[in-house]
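> What follows is a single structure, and I will ask about it in a moment.
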Amino acid sequence: VLSANDKSNVKAAWGKVGNHAPEYGAEALERMFLSFPTTKTYFPHFDLSHGSSQVKAHGKKVADALTKAVGHLDDLPGALSDLSDLHAHKLRVDPVNFKLLSHCLLVTLAAHHPSDFTPAAHASLDKFLANVSTVLTSKYR
């Protein structure tokens, strides 16, 4: 459960991301593909090379979903219900991959905003991404 302080930290951090969200989403995906090559199996139809338009487009989808989640911190299940259905029933993504992408998102945010990536911000963003992952995997059961 996100505390009021966590919610404030997440909103502040995501506010600094601003218009860079799609770029950071794509960068996090690239990090994930390079660091955890098994994740590529979910994207056999993608050009996974650096700067790929397909990775950029999917990065934007990730960023848009996270932006929506930040706007609905008190109702993540409601805000992400359609994505949960998609990932559980159609795409059948292994739940561990959400944790891997979350880690890569944290690394990307820290790389771009080192002075803002305080221990408190890191902890709050980690909790937020864990909650998003939990919601996205909730319909696997």
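All positions are counted from 1 along the displayed chain.
Quick reminder: no glycine exception, Cβ is built from N, Cα and C everywhere.
According to Swiss-Prot, the record shows the following:
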- 1-141: domain 'Globin' (DOMAIN)
- Ser3: phosphoserine (MOD_RES)
- Lys7: N6-succinyllysine (MOD_RES)
- Lys11: N6-succinyllysine (MOD_RES)
- Lys16: N6-succinyllysine (MOD_RES)
- Tyr24: phosphotyrosine (MOD_RES)
- Ser35: phosphoserine (MOD_RES)
- Lys40: N6-succinyllysine (MOD_RES)
- Ser49: phosphoserine (MOD_RES)
- His58: O2 binding site (BINDING)
- His87: heme b binding site (BINDING)
- Ser102: phosphoserine (MOD_RES)
- Thr108: phosphothreonine (MOD_RES)
- Ser124: phosphoserine (MOD_RES)
- Thr137: phosphothreonine (MOD_RES)
> Calculate the distance in Å between the alpha carbons (Cα) of His87 (heme b binding site) and Thr137 (phosphothreonine), and round it to a whole number.
8
> Using all protein chains in view, find how many other C-beta atoms are within 10 Å of the C-beta of Ser3 (phosphoserine).
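Excluding its own Cβ, the number within 10 Å is 10.
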> Minimum Cβ neighbour count within 10 Å among the recorded positions Lys7, Lys16, His58, His87: which residue?
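Candidates: the recorded positions Lys7, Lys16, His58, His87. Fewest Cβ atoms within 10 Å: Lys16.
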> Please list, in sequence order, the residues in the chain of Thr137 (phosphothreonine) that are at least six apart in sequence and whose C-beta is under 8 Å away from its C-beta.
Ser84, His87, Ala88, Pro95, Phe98
> Might you list, by sequence position, any residue in that chain lying six or more from the residue listed as 'phosphotyrosine' with a Cβ less than 8 Å away from its Cβ?
Val17, Gly59, Ala63, Leu105, Thr108, Leu109, His112
> Tell me the residue counts in helix, strand and coil for the domain 'Globin' (1-141), as DSSP assigns them.
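Breakdown, helix to coil: 109 helix, 0 strand, 32 coil.
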> Mean pLDDT over the domain 'Globin' (1-141): what is the value?
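Mean pLDDT, the domain 'Globin' (1-141): 94.
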> Per 10 Å Cβ neighbour count, which of the modified residues Ser35, Ser49, Ser102 ranks highest?
Ser102
> In whole Å, note down how far the CA of Ser3 (phosphoserine) lies from the CA of Lys11 (N6-succinyllysine).
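Distance (Cα to Cα, whole Å): 12 Å.
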> Rank aside, I only need the closest one: which of the modified residues Ser3, Lys7, Ser49, Ser102, Ser124 has its C-alpha nearest to that of Lys40 (N6-succinyllysine)?
Ser49
